[in-house]
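S.K.: Supplied in structure tokens, the structure appears directly below.
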Number of protein chains: 2
Amino acid sequence: MSLARPSRFVDQDRLWRRHEELARFGATARGGVNRQALSPEDAAARLQLVDWARPLGLTAKSDAVGNLFLVLKGRDAALSPVLSGSHIDSQPTGGRFDGAYGVLAALEAVEALLAAGLRPRRSIEVVAWMNEEGSRYAPGMMGSAAFAGARSLADILAVRDADGVSVEAALACMPSFPPVDLPRPVHAYVEAHIEQGPVLEREGFPVGIVTGIQGKRTYRVTVTGEEAHAGTAPRGERRDALFAAMDIVSALRRLTDDPEGLVRFTVGAFTVRPNAPSVVPSSVVFSIDLRHYDAGILASLGDRVETVCETNAGVCHVAVEELSRADPKSFPVSMRDRIRAAAGALGIPHRDLPSAAGHDAGYLHLACETGMIFVPCRDGVSHREDEWAEPAALADGARVLTETLAGLADCAP
Amino acid sequence: MSLARPSRFVDQDRLWRRHEELARFGATARGGVNRQALSPEDAAARLQLVDWARPLGLTAKSDAVGNLFLVLKGRDAALSPVLSGSHIDSQPTGGRFDGAYGVLAALEAVEALLAAGLRPRRSIEVVAWMNEEGSRYAPGMMGSAAFAGARSLADILAVRDADGVSVEAALACMPSFPPVDLPRPVHAYVEAHIEQGPVLEREGFPVGIVTGIQGKRTYRVTVTGEEAHAGTAPRGERRDALFAAMDIVSALRRLTDDPEGLVRFTVGAFTVRPNAPSVVPSSVVFSIDLRHYDAGILASLGDRVETVCETNAGVCHVAVEELSRADPKSFPVSMRDRIRAAAGALGIPHRDLPSAAGHDAGYLHLACETGMIFVPCRDGVSHREDEWAEPAALADGARVLTETLAGLADCAP
């Protein structure tokens, strides 16, 4: 590759500026981003991506679940495309890099390939998957799940947000582009992302080659008691949904308390009704997010969730729904070797590491040869407004991505 | 009194119909009422009260905190008035009787006095106190607290609801009436109310003479941790505000667990942020409602709340604010005797009992001779959409109230 390497056309300043500009859509007062899936902010951010892509000759398309594709046509229309991207929706108090980086790095890679005078044999598509975060519509990774055929379109369209707005209704508010099939064949997928953990920063590696993704099971638990007056109802006669929910969560904390600290058990959403100071709560709905690298441990803990809830609900009623289940995944060695070789050729220090967070790449892994490139983020922090990554690290990741895509799409002058 | 008793003009059907008609304002699908203080529904219900009062010759007035008075002028303008009423705001999923009954019973009593051809020496004012429930603006009993001089008008006007709307701004949306001083002298106050407990129904008494009110202390507790990613942050490195809040509430449950079952300890409001399934919660704000009949026990438990919160917050930060403190109250024996005599003269079975719930009468007790009349409610249930009282019991309570007011206001033909 030497002098002909397209990655030398990766422009660190342009890539950084685009992060800043994309962060305007849903910007929070404290420097973060609140860009919910299929919101007006999401729509505006999509139009911004298309604005950047059009002068490069890319064509915007979208499929029935609202994934956005920016297509660089390949020389051979009969071949399935290479995809690269991530998502542009965020957590309610999210940052500028989680998701956005993967989309902007893929766009930067395509721009570098074109600047190097290369044309791919396979089409390269920059993709922004619909609703990765799952905070407006649970569970997340809707777009990539539908693309990989892991979840039906009809199921996804019927999901409603807290205000009762369905995915179908929200999709109708998004800018429309020429349609493309869902699902459809794909040759390979590479996703760049901030690590969301402390390893690369702590050990000084600008790039990580992701070996696989932690497995994850999610649940919604509904505890139902009975409203009562805070002044009159004696404790023994109450059916207090909040106290029952707390007893259940305590038992789940004991269940998941491993000495190694490898189990990830989170109750992130917890909503009490009627939520009035002088009324004994009648219901609590809470989320469970359970993750582990080991498929056996994840299966065994996850299978006990419902029983633990039921045996600790006391005088209240409890209902447990499993919302999603993703077993731990290993990306193919062939792809990891390809990314490692690209980093090595560029002289960029790198190490292998697993992903603790879930990613759209987990679903694409079901559909094609898939890999991920990590870059460090400050203090390993993400899903927070002060999430941060260094411009140089973002550019290094984009360079490795550029070389990887050049090979996968068989680029030539 | 015998044949001349004004209470024989109490009209059970009219009283019942007015409960049904008032319940239209804020009616819920399940037959209850959601009429928040100073809401459009509250405004409409006020206008309905005025519509009923005007043909009787009553004059509507209001004071700077939004209490509504329907004034029947007395023969001697130099004497301070007798007040009777309650409140018309409700819990978010409240019923048709809690509060509304006391206002409608007072209106019925005035109507009966007039029908009997009586005129009071002291003015009688039917009052609807502003924001008794405290669910939109905490803490409640704002109107009666201001009237009794227990809370400053400026403090109350500055309180904001969850949407940031101040009491002052909400008051500007209420129908306006000729103003009356706040505070001002008052001769006596009698409040009719559903019991909100099971005693009268269980023992078959249509009327209860209230001996006093349970004491109550309320708090707002804010637990602050740190957002983190559900997949990456190990348990040992998290500052999970939800788990810390649960540990605190567990300790408070142990503190307040009395063998006699007399302590009332309720966590009714409990709000988690950012409340997203895959984000470790960064903050929880919850309410504490603590009540007891015994002043010493209430003081001792309440004084330990802050320390218990602090010693159980783990790696999180906790802040405790005491929002309100009302010591247990005993209504004067003179007033209890007066109400008991009225019930006795009418041959209505009655018993003395304390109030487990707080009432506006608790504040009026600071300003004048005060008493309360209870009527039974089904299963002792209140603060629920299926709250229920029988028309005959409501009328019996109104009869006792009529005779009591006739005496207090010195009515004569």
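Note: Cβ is positioned from N, Cα and C throughout, glycine not excepted.
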S.K.: Which of these, B:GLU41, B:GLU133, B:GLU322, does TrEMBL say binds Zn(2+) 2 at the same site as B:ASP98, B:HIS383?
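M.R.: Answer per TrEMBL: B:GLU133.
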S.K.: According to TrEMBL, B:HIS87, B:ASP98 bind Zn(2+) 1; so which of B:HIS193, B:HIS229, B:HIS292 is the extra one listed there?
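M.R.: Answer per TrEMBL: B:HIS193.
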S.K.: Can you count helix, strand and coil residues in the domain 'Peptidase M20 dimerisation' (B:212-312) using DSSP?
M.R.: 35 helix, 33 strand, 33 coil
S.K.: Hey, how far is B:HIS87 (Zn(2+) 1 binding site) from B:HIS383 (Zn(2+) 2 binding site), Cα to Cα, in Å?
M.R.: 14
S.K.: Return only the integer: C-alpha distance in Å from B:HIS383 (Zn(2+) 2 binding site) to B:HIS193 (Zn(2+) 1 binding site).
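M.R.: On Cα coordinates alone, these residues lie 13 Å apart.
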S.K.: Given the recorded Zn(2+) 1 site (B:HIS87, B:ASP98, B:HIS193), which additional residues of the same chain have their Cβ within 8 Å of the Cβ centre, ordered by sequence?
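M.R.: Nearby residues not in the site list: B:SER86, B:PHE97, B:GLY99, B:ALA100, B:TYR101, B:GLY102, B:GLU132, B:ILE194, B:HIS359.
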S.K.: So if the criterion is CB under 8 Å to a CB of chain A, which of the binding-site residues B:HIS87, B:HIS193, B:HIS383 qualify?
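M.R.: Near chain A - Cβ to Cβ under 8 Å - we find B:HIS383.
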S.K.: Give me the Cα-Cα distance between B:HIS193 (Zn(2+) 1 binding site) and B:GLU133 (Zn(2+) 2 binding site), rounded to a whole Å.
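M.R.: Given the Cα positions, B:HIS193 (Zn(2+) 1 binding site) is 14 Å from B:GLU133 (Zn(2+) 2 binding site).
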